[in-house]
Every structure is written in C-alpha cells, then in structure tokens.
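**Q** OK, TrEMBL features for this one:
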- Asp45: active site, proton acceptor (ACT_SITE)
- Asp45, Gly46, Asn122, Glu123, Arg148, Asp150, Ala185: NAD(+) binding site (BINDING)
Amino acid sequence: MKFNVRSRGDHASNVLTQRVKSYLEEFGLVYDEEEPEIVISIGGDGTLLEAFHQYAYRLDETSFVGVHTGHLGFYADWQPEEVEKLVIHIAKTPFKIVEYPLLEVLIRHTNDLETERYLALNECTVKSMEGSLVMDIEIKGEQFETFRGDGLCMSTPSGSTAYNKALGGAILHPSLASIQLAEMASINNRVYRTIGSPVVLPEHHTCLLKPRSDVDFQVTLDHLTLVQKKVKSIQVRVAAEKIRFARFRPFPFWKRVKESFI
Ligand code: NAP
C-alpha cells in the first residue's frame with residue numbers, strides 16, 4: 001500500500017511524522033506523495049484540511065486518518081502515544097471507510113465562459129471586499145431573499161462545528177448529506193429583511209448567490225482565501241464526491257462534540 005504522512009510543521013508533529021514514515025516502511029508500505037492510498041495527517045484539523053485539498057482530485061483513491069498533536073481534533077482521532085498501534089492497524093488490518101459529505105462551489109464570471117469549481121471539507125464563506133455584502137439568494141431556482149450584511153457561510157455537516165458554529169449555526173451529524181447556510185451579521189430593518197436563522201438544504205437543493213453590484217469578493221474555501229472579480233454567481237450544493245476516512249475503531253461524532261465543547 002502507498003502512503004503519505006503530512007505534518008503541521010511544528011517540532012512535535014515533524015518528529016512523529018518521521019516515526020510513522022519509518023515504521024510504515026519497515027512494514028513494507030511505500031512512501032508516495034503523488035498517489036497515496038492513505039494519508040496520515042499529523043497536527044490538527046487544519047492539517048487535515050490541507051491534506052484534503054492536496055488530494056481533492058483523487059478522493060476515490062485516497063483515504064485519510066488524523067493524529068492530533070495538540071488539542072482534540074474533529075478530523076484527527078488518534079493520540080501521539082498511539083501511533084505504533086495505528087501503524088500496525090494500517091499495515092495489517094483492512095480498514096473500514098467512513099464517508100463524509102463535501103460542499104461543491106461553482107464560481108461563474110461575467111467576463112469569462114469558464115466556471116471555477118472547488119470542493120470544501122468545512123465551508124465556503126463569501127464577503128465583500130468593499131462595504132456590505134449584497135447578494136440575491138436563490139434556493140432551488142427560486143428567489144429566496146436579498147442578503148445584506150457582513151457575509152455568508154455555507155458549511156458541510158462536518159464543518160458545522162467550525163466557523164458555522166461561531167455564527168450560531170446548528171451542529172449537523174455528518175451522515176446528513178446537506179449544506180447549511182449561516183448569516184454573518186445581516187442587516188434587518190423595515191427596508192432590508194433576511195430569514196435571520198441558519199437554513200439547512202438537502203442533497204438535491206442548490207443555492208445560488210447572485211451579486212447585486214460589480215464589486216470584488218473574498219471567497220474562502222476552508223483555510224484558503226481567494227479574491228474573486230467580475231462574479232456572476234456562486235453556486236453551492238452537496239458535492240457528488242465524498243471524503244473517505246480510514247476507521248480502525250469507532251469515533252462517535254457526538255462524543256467528539258461533547259469532549260470538544262462541553
Ligand atoms: P485557524 O484559524 O488556524 O483555526 C481554526 C480552528 O478551527 C482551529 O482550532 C481548528 O482546529 C478548528 N477547526 C477546523 N476544522 C474544524 C471542524 N470541522 N470542527 C471544529 N473545529 C475545527 O484556521 P485553520 O486551521 O486553517 O482552519 C480553517 C478553518 O478555520 C476554517 O475552515 C473555518 O472553519 C475556521 N474558522 C473559524 C472562524 C470562527 O470560528 N470565527 C473564523 C475563521 C475560520 P485545529 O486546531 O485542530 O486545527
């Protein structure tokens with residue numbers, strides 16, 4: 001089996017990365033950064049987000065597992081002192097695959113025929129580079145509202161515990177193939193009106209954001225930030241692809257939520 005190990009880059013994660021790499025090679029596994037079948041992320045959730053984006057083009061062939069070298073991780077379930085056990089599992093036992101839904105983001109431009117396509121594991125956020133964000137929001141082809149405010153956050157169920165949670169969004173179990181649209185400080189008065197609460201869309205519903213004016217936008221995809229000009233629309237929905245996690249033992253979602261937040 002071909003593997004890669006990705007480190008957060010701090011000393012403790014780098015040391016652990018070298019140990020995992022040499023243990024796996026001792027078991028006859030092949031280190032391959034180009035086409036790994038399993039990627040071991042050593043660091044935090046941010047490290048796993050980076051690993052996901054590195055291999056987002058080959059999600060069918062790559063599984064992920066995380067070791068956390070800091071506080072408890074949502075995507076990283078193994079402790080540093082357990083790496084020998086994890087290595088033996090990877091080398092010796094066929095692992096179970098758990099799939100989580102992803103967000104698909106399509107950005108269309110007024111001056112360009114080409115559509116940009118991105119995937120996000122946590123979320124996509126949209127903010128205006130100047131003044132309030134003003135967007136018409138369509139859900140499943142119907143005008144839903146005109147949003148005015150700081151920004152919008154469209155998250156996956158596994159990303160619902162990240163930025164979305166800070167915006168007052170609900171925590172969704174990753175078995176619910178859905179996206180959640182959460183507002184950032186919407187302007188609500190007699191003139192401007194938005195729904196004011198987070199909205200959860202099912203797999204077959206598409207959300208389309210259409211700018212009211214030709215301004216530049218800041219679009220984030222997990223930890224990545226893009227500046228987008230001449231935007232015609234930003235379309236979000238549940239992606240056809242899923243991320244695959246290698247599971248060697250149960251990793252209950254609600255236990256993670258409880259241990260992280262309560
Ligand atoms: P960061 O700003 O260095 O760290 C963001 C924090 O969010 C880290 O503590 C990270 O955990 C945690 N996190 C990441 N994914 C999570 C998840 N699915 N559930 C719960 N916590 C999660 O940024 P980063 O490490 O590059 O991560 C990018 C993420 O930061 C974005 O996807 C966004 O969700 C989040 N963010 C949150 C806010 C906010 O809450 N106001 C604002 C901006 C961005 P680790 O320490 O284990 O890596």
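Note that Cβ sites are derived from N, Cα and C of the backbone, with glycine treated the same way.
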**Q** Please go through the binding-site residues Asn122, Arg148, Asp150, Ala185 one by one and keep those whose C-beta falls under 6 A from any atom of ligand 1; give the result in sequence order.
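**A** Only Asn122 qualify.
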**Q** Show which residues of the chain containing Ala185 (NAD(+) binding site), separated from it by at least 6 in sequence, have their CB under 8 Å from its CB.
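**A** In sequence order, the residues whose Cβ lies under 8 Å from that of Ala185 (NAD(+) binding site) (at least 6 apart) are Gly149, Asp150, Gly151.
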**Q** Let me know how many other Cβ atoms fall within 10 Å of the Cβ of Glu123 (NAD(+) binding site).
**A** 27
**Q** Provide the three-state secondary structure of Asp150 (NAD(+) binding site) computed with DSSP.
**A** strand
**Q** Would you mind listing, in sequence order, the residues at least six apart from Asn122 (NAD(+) binding site) in the same chain with a Cβ closer than 8 Å to its Cβ?
**A** Leu49, Ser155, Thr156, Ser158, Gly159, Ala162, Tyr163, Asp222
**Q** Could you tell me which of these recorded positions, Asp45, Asp150, has the fewest other Cβ atoms within 10 Å of its Cβ?
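**A** Asp150, out of the recorded positions Asp45, Asp150, has the fewest neighbouring Cβ atoms within 10 Å.
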**Q** Please report how many Å separate the Cα atom of Arg148 (NAD(+) binding site) from that of Asp45 (active site, proton acceptor), as a whole number.
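**A** One finds 31 Å between the Cα atoms of these residues.
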**Q** According to DSSP, which of helix, strand or coil covers Glu123 (NAD(+) binding site)?
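**A** Assignment for Glu123 (NAD(+) binding site) reads strand.
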